[in-house]
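Encoded as structure tokens, the structure appears first; notes follow it.
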Amino acid sequence: MHIVVCIKQVPDSAQIRVHPVTNTIMRQGVPSIINPYDLFALEEALRWRDQAGGTVTILTMGPPMAEDTMRKALTLGADRAVLLTDRCFAGSDTLATSFALATAIGKIGETWGPPDIVFTGKQTIDGDTAQVGPGIAKRLRFNQLTYVAKIDSLDPESRAITVERRAEGGLQVLQSRLPVLITMLEGTNELRRGSLDSALRAARAEVVRWGAAEAGVEDTAKCGLRGSPTVVKHVFAPKPRAEKAQIIETAAGPVRTQADAVIAAIFARQPGIESDLLRLARHS
Amino acid sequence: MSQEKFDAIVVGAGPSGNAAAYTLARKGLNVLQLERGEYPGSKNVQGAILYAKALEEIIPDFRESAPLERHIIEQRLWMLDDSSYVGMHYRSEDFNEDRPSRYTILRAQFDKWFSQQVRDAGAVLLCETTVTELLRDESGRVIGVATDRDNGTVYADVVILAEGVNGLVGRRSKLREELQPESVALAVKEMHFLPKDVIDARFNLKGGEGVVIEGMGTITEGMTGTAFIYTNNESLSVGIGCLVSDLAQTGRSPAGLLEAFKNHPSVKPLLAGSEIKEYAAHLIPEGGLKAMPELFGDGWIVVGDAGHFVNAVHREGSNLAMTTGRLAAETVADLKQRGVPCSKANLRAYTKRLEDCFVMKDMKKYKDIPSFLHGNRHLFDLYPRLVSKAAQNWFRVDGKDKLTKEKEILTSFRKGRTLSGLLGDAFKMARAWR
Amino acid sequence: MSDAAKPSPPAAAAGRSSMKKELPEHFKAYRHVWVFIEYERGNIHPVSLELLGEGRKLADKLDVELAGVVIGAEAEALHEAALSCFEYGADLVYRVADPILAHYRNEPFTKAMTDLVNTYKPEVLLLGATTLGRDLAGSVATTLLTGLTADCTALAIDDERSLAATRPTFGGSLMCTIHTLNFRPQMATVRPRVMPMPERQAGRIGRIADHSLSMAEEDIVTKVLRFVPDRDSDKAQLAYADIVVAGGLGLRTPENLRLVKELAEVLGGDYGGSRPLVQKGWIEADRQIGQTGKTIRPKLYIAAGISGAVQHRVGVEGADLILAINTDANAPIFDFAHLGIVADAVSLLPALTEAFRQRLSINRAAS
Ligand SMILES: Cc1cc2nc3c(=O)[nH]c(=O)nc-3n(C[C@H](O)[C@H](O)[C@H](O)COP(=O)(O)OP(=O)(O)OC[C@H]3O[C@@H](n4cnc5c(N)ncnc54)[C@H](O)[C@@H]3O)c2cc1C
Ligand SMILES: Cc1cc2nc3c(=O)[nH]c(=O)nc-3n(C[C@H](O)[C@H](O)[C@H](O)COP(=O)(O)OP(=O)(O)OC[C@H]3O[C@@H](n4cnc5c(N)ncnc54)[C@H](O)[C@@H]3O)c2cc1C
Ligand SMILES: Nc1ncnc2c1ncn2[C@@H]1O[C@H](COP(=O)(O)O)[C@@H](O)[C@H]1O
């Protein structure tokens, strides 16, 4: 089996700050990490490879320094890494990103055998759109299985796959046929820690670097800024609320006094809420 | 277990480990470097001073690619009391030279860069890999390390311990004693972000110029310690450190001291409007020569903070780290080339190298300073107050004649500390410095 | 690549906004605002009605019609859904009824949607950012090769009739406004509870246009074997609860979560928590509130021991009244809460529960 996992390098958004004056993201010193959701996809891919045999190829589109994060994915046990990096990819939105990734997956297929499954994470923590996965699926004409919580069965021979998919209000159990694209839900598996040997292998492995041409992109107008139908017109910091919270001052007394003061403050501020509460409390 | 045997394993990817691994790899040795952080520098968030010379000896053209913040053109030494400081400033246009000797750096970026040079030189680096213990053969010779990864043992001819001040591997492997509270300082530090032009204006700088402020006095409430402000490109590193034993005795928290330092009337305006990020606390080995552990043995060798190579008075650490890393590597590479084992007897050459350069000379020169400072609290409390009071008296034009002022100042010193005490301090100070 | 190699814009904002070109001729015929109506198991997802409310405003601004798109198995049931759409503001409903569409599946729904778009040419297409809506939107946008802006928090029409879709990026640290200038339709998804629920206008009616699905079951690879509904009892109703009580790390121990649950119960509301509680396994993932959890819009939100990080904030800002309980008077949550008390949540929560219990039972007895 050949499995491709798309992983993205993202700035650790927990550590991002906005420049107080210019309102731009200050990336200085913000470490890059593997998009946390993609790790669940990678782990699932590694599990099925270990079970059914085959290889796992990881694919990233990003700047040259993304190589560091790819090496980390290799440490966990991926077999090969392809870094898609080219100036013409800069400024891609999700449509242009999925075009580039899908084209590269086509090339990966030509080079190392056609993939049976392409995994992506549920979404990224920087773009946060969850669109790239479906975009790739559509372009590759793979069956699309999003928000997969569990792969119940997978038979490379008959090409049948059964998954549990998180749907609105419940789980859908879906049967489909390889090749499929799966976007993996978070919390579905526990990440392994590579052995010393795989870490050593990864440290020395060569990350394959493809520019647009090597990846088989013929029309660069479909890439990057030019290939992106969406246009970011305006970036701004969220508006702070004009006034801060009204602090309920209570003398240091028993908590019950505090509690009564809180309730009084709530009802004073929102007189209608008491009847709502009565109605709700009655229902429960 | 890895089948492969390396020429050397370097534990840690700080300045000392990187210097060692780089030097070894450049000499063609098969080097494995292990770092427990997610990436080199991930545990080192602070900004710091880089002394160019030590790095030049390793990477002569480092200025072309290393992430340097500002070069230092001005040094300020401040003696603070609660509301004032008496200071000495030295600023020189001569420091705007082609190859400046001191820079501010951000360790996270600098360590990453250094590590890239190490890997480009051919060393293998594994991050998120913690060395748990040294492996030995029956004779007690160190033959490799155990790590926290699955099948995580790996072998080498020599292990270079560049693990920093905690020296956990060394302690666990019984190569050294526990850290003594009176020989380590706990430093806390914050990054204060400000736009570049604001920093330039506040510190009177242009281009890539930078300033260092070192402060001592009542800010440490009588404890042995100093505070500092470094200018980076778009941020200030602000910190304070005190001996752990003093902190334990007084029950003061370093965070509280830092808060007070930041609110000192002389400091506050420099930081106004900044956005704070990255609060970090770190130990500094300040015990000097007397606190140094064994530096080598059969199959192992210690460099950098792990070896207590820090000159606390001059705030030098990373330069000693890089230099000791380089010297240890040169020692090992030399033995390797001669085809002799890294036995304790053969590694003695490391000491020789240390003694031939500034490292041991300085460590010896300052060997009595730590205990002197520790035993003389008034240096950090009384003197700053007296000096400040004297300066105020002197500069205040209040109709008093100058002779009376001189007398008052002298009396205030004598009241604060007896004449013999004053003389004694001067004498002891001079002796410790010698 | 050389011809395409323009300076890479780190500030994509500046780079892209200068690229305004004329809308290609064939897109000029695209008119009207559409909302995809999520209709499953006999229910319309409330987010679709919220979007009709928002779509109405956009349509009025553009002076065009608002249409709902209902897709499902039975024409009868879809008719009912269509009537609801009219009552919530739609002028027109496109109905695609086919047994193949009984359960949501990507292939036939994408087909139905793209066929409709290519036939009737809307200029704006809105979908809920639910698991269904996100699954569908990505495929539809890629098939149509148009732009799609995910998880918007505000929608507007600018002076050039262009949809200005505002959304958080970088985990909520920044907001950005995105346009699809040269392609149609302009697509956007919006999370449940971000937009207010519009007033229902009983009896309001509109037109239904039927469209058929040109697809056979044999063409579809993926089959739905089963649907396992979430058990109602433990299913979080957070997004739509009127009262929400949530806890954060300030609760200190998982046991103290009980205090949050008890207050929520007395108030007839639901409970949730900040992300670290999910990561620590103290609460289930679907009870996480915030950027990567649920957006809530309750009448009363009580946050106990939550610092109020920006990622949390974006999920709760729509609440009518936010009460924060935190020991740290400088906690960021006090910057956006309406009411705050600097107190230990672990001791205040039980007192609050008891006080509410008494207050409510007294009043109930009285009424
Ligand atoms: C607040 C502060 C300010 C300072 N300012 C200056 C200054 O301005 N100029 C200056 O020259 N010096 C300064 N120093 C001192 C300087 O930082 C140190 O001397 C220097 O970092 C020592 O380098 P090192 O490589 O020996 O140790 P470290 O930099 O501590 O590196 C040790 C590395 O080993 C890793 N490690 C530890 N244990 C293990 C293990 N078991 N397995 C794997 N990896 C491990 C650690 O993660 C770390 O990366 C300052 C120190 C502090 C705390
Ligand atoms: C990509 C990304 C997405 C994220 N998405 C979300 C999200 O959707 N939702 C979310 O919540 N977070 C999210 N986060 C995490 C977020 O940044 C914060 O880390 C998180 O919200 C903090 O949770 P907390 O307030 O419970 O904990 P803390 O930040 O640790 O705050 C605990 C608070 O409790 C107070 N406290 C302590 N003791 C008491 C006491 N006895 N009584 C009262 N108060 C007390 C403290 O003063 C403090 O303010 C995300 C982060 C990232 C990077
Ligand atoms: N530049 C990229 N390189 C590789 N994979 C990506 C990239 N961008 C997005 N992905 C994949 O697509 C998923 C969804 O991304 P997004 O649509 O940005 O939320 C991610 O979890 C990744 O698996």
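Placed from the backbone N, Cα and C atoms, the Cβ positions cover glycine too.
Per TrEMBL, the feature FAD binding site maps to C:274-275, C:288-292, C:305-312, C:ASN326. Residues or ranges marked as domain 'Electron transfer flavoprotein alpha/beta-subunit N-terminal' by TrEMBL: C:33-224.
This view paints the features noted in TrEMBL onto the structure.
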residue	record	DSSP class
C:SER274	FAD binding site	coil
C:GLN288	FAD binding site	strand
C:ILE306	FAD binding site	coil
C:HIS312	FAD binding site	helix
Inset, instruction - Taking ligand 2 as the reference, state which of the binding-site residues C:SER274, C:GLY290, C:ILE306, C:VAL310, C:HIS312 have a Cβ closer than 6 Å to one of its atoms. - result: C:SER274, C:GLY290, C:ILE306, C:HIS312
Inset, instruction - Report, as a single number, how many Cβ atoms besides its own are within 10 Å of the Cβ of C:VAL310 (FAD binding site). - result: 21
Legend entry - Set of same-chain residues at least 6 away whose C-beta sits under 8 angstroms from C:GLY290 (FAD binding site): C:SER274, C:ARG275, C:ALA309, C:GLN311, C:HIS312, C:ARG313, C:VAL314, C:GLY315, C:VAL316
Inset, instruction - Filter the binding-site residues C:GLY290, C:GLY308, C:VAL310, C:HIS312 down to the ones with a Cβ under 8 Å from chain A's Cβ atoms, keeping sequence order. - result: C:VAL310
Inset, instruction - Select one residue from C:SER274, C:GLN288, C:THR292: among these binding-site residues, choose the one with the most other Cβ atoms within 10 Å of its Cβ. - result: C:SER274
Legend entry - Neighbourhood of C:ILE306 (FAD binding site) by C-beta distance under 8 A, where only residues 6 or more apart in the same chain count: C:ALA246, C:GLY247, C:GLY248, C:LEU249, C:GLY250, C:GLY273, C:SER274, C:HIS312, C:ALA324, C:ASN326, C:ILE333
Legend entry - Distant-in-sequence Cβ neighbours of C:GLY308 (FAD binding site), under 8 Å, six or more positions away: C:ALA324, C:ASN326, C:ALA331, C:PRO332, C:ILE333, C:PHE334, C:ASP335, C:PHE336, C:ALA337
